[in-house]
Amino acid sequence: MSEHLIRLTAAELGARIAAGDVSSVEATRAHLDRIAAVDGAVHAFLHVEGERAIETAADLDRRRAAGEAFGPLAGVPIAIKDVLVTKGMPSTSGSRILEGWIPPYDATPVQRVRDAGLVPLGKTNMDEFAMGSSTEHSAYGPTHNPWDLERIPGGSGGGSAAAVAAFEAPIALGSDTGGSIRQPAHVTGTVGVKPTYGGVSRYGSIALASSLDQVGPVSRTVLDSALLHDIIGGYDPLDSTSIPEPWPSMAEAVRRADVSGLRIGVVKQLDSEGFQAGVRSRFHEALELLERNGAEIVEVSAPHFEYAVAAYYLIMPAEASSNLAKFDSVRFGLRVTPDGGGTVEQVMAATREAGFGPEVKRRIILGTYALSAGYYDAYYGSAQKVRTLVQRDFDAAFTTVDVLATPTAPTTAFKLGEKLDDPLAMYLNDVATIPANLAGVPGISLPVGLAPEDGLPVGIQFLAPAREDARLYNVGGALEQLLLAEWGGPLLDRAPDLSRHELFATEEGAL
Amino acid sequence: MARAELMDFDAALERFEPVIGLEVHVELNTKTKMFSAAPNPANAEFHIADPNTLITPVCLGLPGSLPVVNGQAVRYSISLGLALGCEIAPSSRFARKNYFYPDLAKNYQISQYDEPIAFDGSVEVELENGRSFTVPIERAHMEEDAGKLTHVGGSTGRIQGAEYSLVDYNRAGVPLVEIVTRPIIGAEADAPALARAYVATIRDIVRSLGISEARMERGNLRCDANVSLRPRGQEKLGTRTETKNVNSMRSVERAVRYEIQRQAAILAKGGAIIQETRHWHEDTGTTSAGRPKSDADDYRYFPEPDLLPVVPTRELIEELRASLPEPPAARRRRLKDEWGFTDLEFKDVVNGGLLAEVTETIAAGASPAAARKWWTGELTRVANAEGRDAAELATPAQVAELAALIESGVLTDRLARQVLEGVAVGEGSPQQIVDARGLAVVSDDGALISAIDDALASQPDVLAKIRDGKVQAAGAVIGAVMKAMHGKADAARVRELVLERAQS
C-alpha cells in the first residue's frame, strides 16, 4: 500500500485523496516511512516534520470530511527547500549561521502551499545560501543522487530534486538563481521550473541575489509542476518585484500539450563540443521527436550567452555580499563571542568567520570587491551591460521562435568531490541555465532519457519569453507524453531501488 | 579632553571666509514606516511605545523579508521637493548604502544615491537682522532611519567603553527625507544665524505641509552642519567638518559659530583641518572629533534590487504642486496683517522661531495677542534660561488652553505662569495642573468676603481711611487678602469687594 502511494504523482495522489480512496494521513505516513527508509542514504532532508506533518494531514482530512472544498493538491505532502522560511520550522538555508533559528513567519509560497492544503514534510538540503551546483556546500553534508549515491544531486536545490527522485515526496519547492531548480532536475531525472522573474513571490525566500532569485516547483511530472506553479504563483503585495497582472493556468497549458506549428529555436552557442556526447544525443533525439510531431526546429544565435557566466559571477556575488550582511548575530542565528568578550564588530566578525562556509566567504569577498569604489564600473557596471546584451539576445531570438531549447547542463551527474576544489569548473555547470536568470525569462527542465555512456539522466531545457511560462508547460507536457509512450513508463522506474538502504535509516529519518 | 583653542569670532571673520553646508533629515509622519507596515513612531499617534514593539520582520531585517515602498511617504517627499523649489525626477531609484552597524538591521540602509527624487531647488531664508538669503538646495532624497542604541556602562554614554548596548528597532525604517544644500557662500558673519534660520525655515515648510511633527527635541528634524573656512582671496574651498547631534535651532547657530572659531584658530597657526565627523555637546557648547570621514568612505552603493524605480506620474506631481500650501514668506506677510501685529511684535515671533507655535495656538482658539504674549514672553524666558527651545516646553494646544483659562477668569497671569511651569515638566494639560495643584482663582465671593472682613477687622485704621474716602488705602487690605488667598484671587474683584464691604 505505502509503496504504491509514494509512486503516485502529486496529481494522482490529490485525486485519490479528493475521491476519498486515500486519506491525507495515509499519504503523509507513506512518505514519512519512505524518508525513514532511504534518507539516511540520500540525505535530502535537513528537517523532517514527522508527527507534526501527520497532525497537519489529519486536520486536513477532518476539514475535508466537514465539507470544506480544496484544490487539486490538497492533502498531498510536499518538501520545502530550506531557503524558504517556515513559521515554527527550522530554516537554515544550508548554513551554520542560521542553525537553530525558528522563523516567526512563512514565506509567501509556503503560506500559499499551506492554504492550498498541502502537507509540509520538512525542509530539504541545499548548498549554503544556494551557492553551488552540487549540495556539497551545505553546512550539513551533501545530498546523494538517488540514481547513484556516489554522485551529486545537482544544486543548489539538490535536496528537493533528490527527495522527489527518491519518492520521499511527490513534489517540492525550490529556488533558482542561476539554475538551482533546473540543473538538479537534469541530473536526477525530474522536472523543475524557474518561473518568470516576478511570477512567484520572493517574500520569505532567504535572498541570494535579489534580482536573479526565483522560487519554483520541483516534481516528477510536468503536470505536477504546473499544479504547484498555479498555487504558488501570482501577485504578492509583499514583494515589490512581483508582477501584478493575472496569469493563465499552467495546468491547462500542460493538458493542451500541442506542439504543432510551434517554432523551437536551438541556441547554437549551447549546442557545442563542450557538452557531453550523451547529453547532446538525447537532446537532439528529443528535438527530432518534437519535429516529427509538428514542431519546427530552427537554429538561433545568442552571441552574448558566452559572457553570461562571467557577468553572473559579478552580479550574483555583489548582491549576495549585501544580502548576507544581515547575518551578524545581533538579532537572530548563531552568535560567536571571541574569548574574553569583544566589541560588537569583533562578535560580528567571529560569528561570520565561524558561521559561513568557504564558498559563501569566497562570494562575499568577490561581491564586496566588485562593488568597491573604483572597481564598480569595471565589474558590476560592465556585468549589468552584459546582462542587457543577454536580454537583447533573448528578445531577438523570440522574434523568430516561440521557445528556445538547450541541454539543461553540460554533463550528467558528476561524482561527489570531483569539482569541489575547482570552483570555476563548478560554476561552468550553470552555463546553460544562467542566461534565463539574467534575463528574467522562465525555463523548464524535464528528463529526456539516460546518457548511453553512463546511464545517468539527461534533461532538456526550454526557455520562453517573460510571462509566457505557459508555453513551457505546453511544450514540456507534449514532450513528456511522447517520451512516456516511447519508454513505456516513467524514466524514474529505471532508477535503482533504494529500499536496501533502510539499514542506514534512523528512526527520525533525517540528518 | 583638552578644550580646543578658539579665535575671536570677528577676528576669524576678518581672516577667513566661512562656507557652510547643511543636511537636514526630516522624519515623515506617515502612519506606517518607509518600507513596512509597522506603525511609525514619528507619527504623533505612535510616539510613545515600548522598545521593539513597532516592528515587523522587515524592520528587523529577518531573513527572507522584503521592503515595499510606502506610497504616502513618496507623495510627502514629492510635496517637500516641490516646496523646496526642486525638480521632481520622472524616475528615481533606491540604492543600498552598505556598512555594518548594530542599529542597522540589514547592515545596509536603503537610501537614494545617484537618482534622488528631488533636486536643484532653493529656499528663501530671512534673518533676524532683516537680511535675506537664497539657500541653494542640491537634492532631497528618501531613505530609512536606523534603530536606536543605548550604551550601558562606561562613563561617556558612547559605544566606546560601554559594557553592553541595547538596540531598539522601533525607529528602524522610519521614513526620512534628507535635504542637502549646496555650499552656502557669502553669509559671512551671518553664517551661524543663517544656519539656524534655514533650519527654522525647513521646519516651517514641513509643518505647513503637515508631513512631519518637526520637533527637533524628538529627532523629527535633525541637522548636520558642514563648516569650512578659506583664507580671504582663496578660490578653493577649505577642508570641512560635519557636526552631528545638533538637536535644537539654538545649537545649530552655536555649533556653526563654534566650528568657525575653532577652525580659524587651527588655520591661523598654520595647522590643517581634518575632514571628520564632529559631535556637538549641548552642555559644554563644544564639538569633539568623531570618526574620520573621507571621500574614500566606501559604502558600496548599488541599486536596490528589491525595489522598482519610483516613477511618479506627471498628473500626481501636478496635483501635489497644486495643493502646496502658501510659501512661508508670503504667508508671513498675510498673517502679520490678519493678526494686526506691529512690525516689532511680528519680528519677535519670527525671530524667536515661533511662527508655527503662534499660528497653531491661534488655530487652537487663542487670541493673536495672547498667543504672541505667552510664546514670546514667559515661554521664551524660561527656554532661554534653560537653554532649550520654547517649542519643547509646551504645545500650541496647551498654550491655547491656558489662554482660555485666563480668558474665563480661572487663572490670573501669575497663576498661569505656575501652570506653564507644570506643563513644561510634563505634569499634564493646563486644566489638569490647575486641578492637581489647586491653582484656580478663588471666584467664590463668599470666601473673598470673609477674608476681606477679617482683614478690615484687623486694620480698623485702614477701614476708617476708606470710609473717609481715601480709596487708595484699600491697597493694604487687598494685599492682606491676596496673601490670605495665596494669590489665587482676582485682584480687581477683591478691590471691588473691599470698597463694598468698607461701606457696609
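From the backbone N, Cα and C atoms, a Cβ is placed for every residue, glycine too.
Note: TrEMBL annotation is automatic and uncurated.
Look at TrEMBL and you will find A:26-472 tagged as domain 'Amidase'.
Shown in sequence order, A:Lys123, A:Thr124, A:Met126, A:Gly157, A:Gly159, A:Ser160, A:Ala172, A:Leu173, A:Gly174, A:Ser175, A:Val218 are the residues of the chain, 6+ apart in sequence, with a C-beta less than 8 angstroms from the C-beta of A:Lys81 (active site, charge relay system). If you look up TrEMBL, you'll see A:Lys81 (among others) marked as active site, charge relay system.
Sequence annotations record features per position, and here TrEMBL assigns active site, charge relay system to A:Ser156 (among others). Within the same chain, residues at least 6 positions away in sequence whose Cβ sits under 8 Å from that of A:Ser156 (active site, charge relay system) are A:Val83, A:Gly94, A:Met126, A:Asp127, A:Ala130, A:Met131, A:Gly132, A:Ser133, A:Thr135, A:His137, A:Ser175, A:Thr177, A:Ser180, A:Pro184.
Here TrEMBL flags A:Ser180 as active site, acyl-ester intermediate. For A:Ser180 (active site, acyl-ester intermediate), the number of other Cβ atoms no farther than 10 Å from its own Cβ, over all displayed protein chains, is 36.
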Per-region confidence, the domain 'Amidase' (A:26-472) (mean pLDDT, whole number): 97
